[in-house]
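Reading through the structure tokens given below for one structure.
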Amino acid sequence: MSLVIENGWPRTAEWTGGELRLGGIGVRDLAAEFGTPAYVIDEEEFLARCALWRDALPDGEVHYGGKAFLCPQVVRWLDTAGLCLDVCTGGELAVAMAGGMDPARVVFHGNNKSVAELRRAVAWGVGCVVVDSFTEIERLAALAAEAGTRQRVMIRVTPGVTAHTHEFIATGGDDSKFGFSLNAGLAAEAVRRVLAEDSLELAGLHSHIGSQITDLGGFTLAAGRMAAFLTACEDEHGVTIPKLDLGGGLGIVHRPGDPVPPSPAEVVAALRAAVPSRVRLAVEPGRSIAGPTAVALYEVGTVKDIPGVRTYVSVDGGMSDNPRPAMYGAAYTAVLASRASDAPERPVTVVGRHCESGDVLVRDLPLPADVRPGDLLAIPASGAYQRSMASNYNHVTRPPVVAVRDGAARVIVRRETEEDLLRLYV
Ligand SMILES: Cc1ncc(COP(=O)(O)O)c(C=O)c1O
Ligand SMILES: N[C@@H](CCCC[NH3+])C(=O)O
């Protein structure tokens, strides 16, 4: 079975009489039972993608990047699949705890963790804290000493590599809010300072160059620089630095015709080739696990033809459940998912229901000319950075996540209600 998804759809996606089925269930039934908009996540796909990474790195560590999509059920899937978890806020830490994650398998990231978050992480016994600033090294050392423990840490390094991706999601260059610059000598100083703290144990070095990367060049370059830096630090200080965590970042296909990224096995092979075999490798894939697992399901509400200009198809979600087109110019596709149509195709622009002209989900998309209110549209590759970045803009409630498998569906994140929203107001 090919594990690189070249068309964006999860492996159980099939069409019967023009209707899309996911995990053995038709989207009309899913919409009738759970409403729209909804994210439908394919459990089999999620577990298979975890296994793909784990099998690519059997002698290393795979930390799922929880920022892509996290809820207690995801934590339980990670546990089943034998993966570790990367969190980057106290909130993500709380979800890890709620899902029953073993703290030893949690890595805690973030460029501005609060003292309270660090204290909680140390008390819970997180496996590793990735230190990101000199201030944090001091803070964490004091907190670990106060708790009477020796906290394992990795040092986040920016290796001066500019990934080929959107500028907002490139993180490995010298001008970055994340980590310690290698070129500016800050990373070397961070190593000195961590080694000087009795309450900290230097477990490894870390870098993450960016996200939605579809070629190996940046990964290889960063791995080589990090490996050389690790060796130089070991030589300078006469210590062993056992681990190199090279982050996440592998991209996915959103639309047929998008560049097909390398497979996890190819990424790991490239990293391994650049890093001495004595060093344990870790990776932090988020999007490449969660992204292709979910489909966003919407109902068409209105169709507006502006002769000679454009046809707008409005759906019942939008930038609040998928901010990526507006934030990064991300390009998606959508299909008519609830029925067959013989109508000729014509280009339309699929928009959301927000009070914002930039609330566009898919631009210039060929759809059958008879698309009408009540039809369901499905957008594949919606499993990463969509529910996790969803907002309540315009007091829209956030959609549920429905897991499908073997003909059964269950809610793993329920739909938000207006009651949920109003509960915040005093
Ligand atoms: C430190 C770190 N690790 C892992 C990830 C996961 O990245 P991706 O979802 O691109 O695999 C991110 C996000 O880009 C990150 O910042
Ligand atoms: N949120 C971004 C990725 C950021 C990755 C986290 N460091 C996206 O949707 O592409």
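Cβ coordinates are placed from backbone N, Cα and C, and glycine is handled just like the others.
Just so you know, TrEMBL annotations are computer predictions that nobody has curated.
Annotated pyridoxal 5'-phosphate binding site per TrEMBL: GLY249, GLU284, PRO285, GLY286, ARG287, TYR385, in sequence order. In sequence order, VAL62, HIS63, TYR64, GLY65, ASP86, VAL107, HIS208, ASP245, GLY247, GLY248 are the residues near GLU284 (pyridoxal 5'-phosphate binding site), counting only same-chain partners six or more apart with C-beta under 8 A. According to its DSSP assignment, GLU284 (pyridoxal 5'-phosphate binding site) is coil.
The substrate binding site annotation in TrEMBL covers ARG287, ARG324, TYR328, GLU356, TYR385. Mapped onto three states, the DSSP output places TYR328 (substrate binding site) in helix.
Marked as domain 'Orn/DAP/Arg decarboxylase 2 N-terminal' by TrEMBL: 45-290.
Long-range Cβ proximity for LYS67 (N6-(pyridoxal phosphate)lysine), meaning a same-chain Cβ under 8 A and a gap of 6 or more residues, is found for ASP86, CYS88, GLU92, GLY286, TYR385, SER388. Taken from TrEMBL, the feature N6-(pyridoxal phosphate)lysine applies to LYS67.
Neighbour counts of Cβ atoms within 10 Å were compared for the binding-site residues TYR328, TYR385, and the top value is held by TYR385. Ranking the binding-site residues GLY249, PRO285, ARG287 by Cα distance from GLU356 (substrate binding site) puts ARG287 first. Closeness to ligand 2 is met by ARG324, TYR385, these being the binding-site residues among GLY249, PRO285, GLY286, ARG324, GLU356, TYR385 whose Cβ falls under 6 Å from the molecule. Note: the CA-CA distance between TYR328 (substrate binding site) and ARG287 (pyridoxal 5'-phosphate binding site) rounds to 15 Å.
Counting neighbouring Cβ atoms within 10 Å of each of the binding-site residues (GLY249, PRO285, GLY286), the lowest count belongs to GLY286.
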